[in-house]
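Noted in Swiss-Prot for the protein shown:
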type: ACT_SITE; residues: ASP128; note: active site, proton acceptor
type: BINDING; residues: GLY12, ARG73, PHE74, GLY103, ASP104, GLY105, SER106; note: ATP binding site
type: BINDING; residues: 22-26, 55-60, ARG155, 186-188, LYS212, 214-216; note: ADP binding site
type: BINDING; residues: ASP104; note: Mg(2+) binding site
type: BINDING; residues: THR126, ILE127, ASP128, ARG163, MET170, GLY171, ARG172, GLU223, ARG244, HIS250, ILE251, GLN252, ARG253; note: substrate binding site
Amino acid sequence: MIKKIGVLTSGGDAPGMNAAIRGVVRAALSEGLEVCGIYDGYLGLYEDRMINLDRYSVSDMINRGGTFLGSARFPEFRNEDVRSVAIENMKKRGIDALVVIGGDGSYMGAKRLTEMGFPCIGLPGTIDNDVAGTDYTIGYFTALETVVEAIDRLRDTSSSHQRISIVEVMGRYCGDLTLAAAIAGGCEFIVLPEIPYTREELVNEIKAGIAKGKKHAIVAITEHICDINELAKYIEQETKRETRATVLGHIQRGGAPVAYDRILASRMGAYSIELLLQGYGGRCVGIQNEKMVHHDIIDAIENMKRPFKGDWLDTAKKLY
């Protein structure tokens, strides 16, 4: 019988994490459960830095970006002895189960705790939208708005100077954020990790656009594919057009969550409590066709693959 749960945020922060914490806390309290917040993710779990939360602890949190509990990367959590300390810390505080909000790296920690007999539920919190088993992750839609706004601003100055602009978008090894932002921002060219790319092919496409009369262009590219400053130099050399590179960086993680992220986070937070009360552990929450779903967390990490939105890319190419 679960009487008290813990909640933490782990990995890179994402807008809507506070709304998810709020959803967990208030749904748990409505069921008569106690809630303990863990500071700085798995690091705080290991260092026994926790605080009891009530409904007022999460007042005015639904609209705040970031995570008030904090987050930290803690690779030492792979060590079983470290995890044993974390479990003992939770047990001495009377915590019976844990809700983990984060990406697939955070899920791995939850999986390992579950394998050691401590029930965990994972909520997908990352702007990258790269977690399997869910159509969307908490923070993705807010980051999308941020990226599109940046592209709109770049278009203004690119048009004024008849310039080629390259914008690097987060996403790690998933192109969802780049692809959606490129369509919404009207980008002329898109470079994604899912599609083989050569800079020669990109330059040929840009030259073809110039031949059609394009005065300026925006290239959206997912991070980790190449050095975009070097790419900008190469494009300028080959096209004789001024080319500038912009790395959006961590501004994509900040800001108040948009309405959909607040709703998604609230629904997922409340659903995690339903699952725990039904006796589930080692599960991760997702949304598919606007319905809450749950999967084995091992499947989400190791076996399930996110489908690539090839039809979206086809649409984008028609609009170049």
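The backbone N, Cα and C atoms fix where each Cβ goes, glycine too.
A simple way to gauge crowding: the CB of ARG73 (ATP binding site) has 15 other CB atoms within 10 angstroms, across all the protein chains here.
Separating the Cα atoms of TYR56 (ADP binding site) and MET170 (substrate binding site) is a whole-number distance of 34 Å. You'll find the Cα of HIS216 (ADP binding site) roughly 11 Å from the Cα of ARG244 (substrate binding site). The Cβ neighbour count for ARG253 (substrate binding site), using a 10 Å radius over every protein chain in view, is 21. For the pair GLY105 (ATP binding site) and THR126 (substrate binding site), the C-alpha distance works out to 11 angstrom. Of all Cβ atoms in the protein chains displayed, 20 besides its own lie within 10 Å of the Cβ of HIS216 (ADP binding site). Cβ neighbour counts within 10 Å, taken over all protein chains shown, single out VAL25 as the most crowded of the binding-site residues VAL25, MET170, ILE251. When the Cα of ARG22 (ADP binding site) is compared against those of the recorded positions PHE74, ASP128, MET170, ARG244, the shortest separation belongs to ASP128. Taking Cβ-Cβ distances under 8 Å and a sequence separation of 6 or more, the neighbours of GLY186 (ADP binding site) in its chain are ILE151, ARG155, ILE218, LEU319.
The recorded positions close to ARG172 (substrate binding site), defined as a CA atom within 10 A of its CA, are ASP128 out of VAL25, SER59, ARG73, ASP104, ASP128, LYS212. Neighbour density at the Cβ, taken as the number of other Cβ atoms within 10 Å, is lowest among the recorded positions ASP104, ASP128 for ASP104.
Rounded to the nearest whole angstrom, the C-alpha distance between ARG244 (substrate binding site) and PHE74 (ATP binding site) is 36.
Annotation for the binding-site residues GLY12, GLY103, GLY105: lowest Cβ count within 10 Å of the residue's own Cβ, GLY105. The binding-site residues examined here are TYR56, PHE74; by Cβ neighbour count within 10 Å, the least packed of them is TYR56. If you take the Cα of VAL25 (ADP binding site) and the Cα of PHE74 (ATP binding site), they are about 24 angstrom apart, rounded to a whole number.
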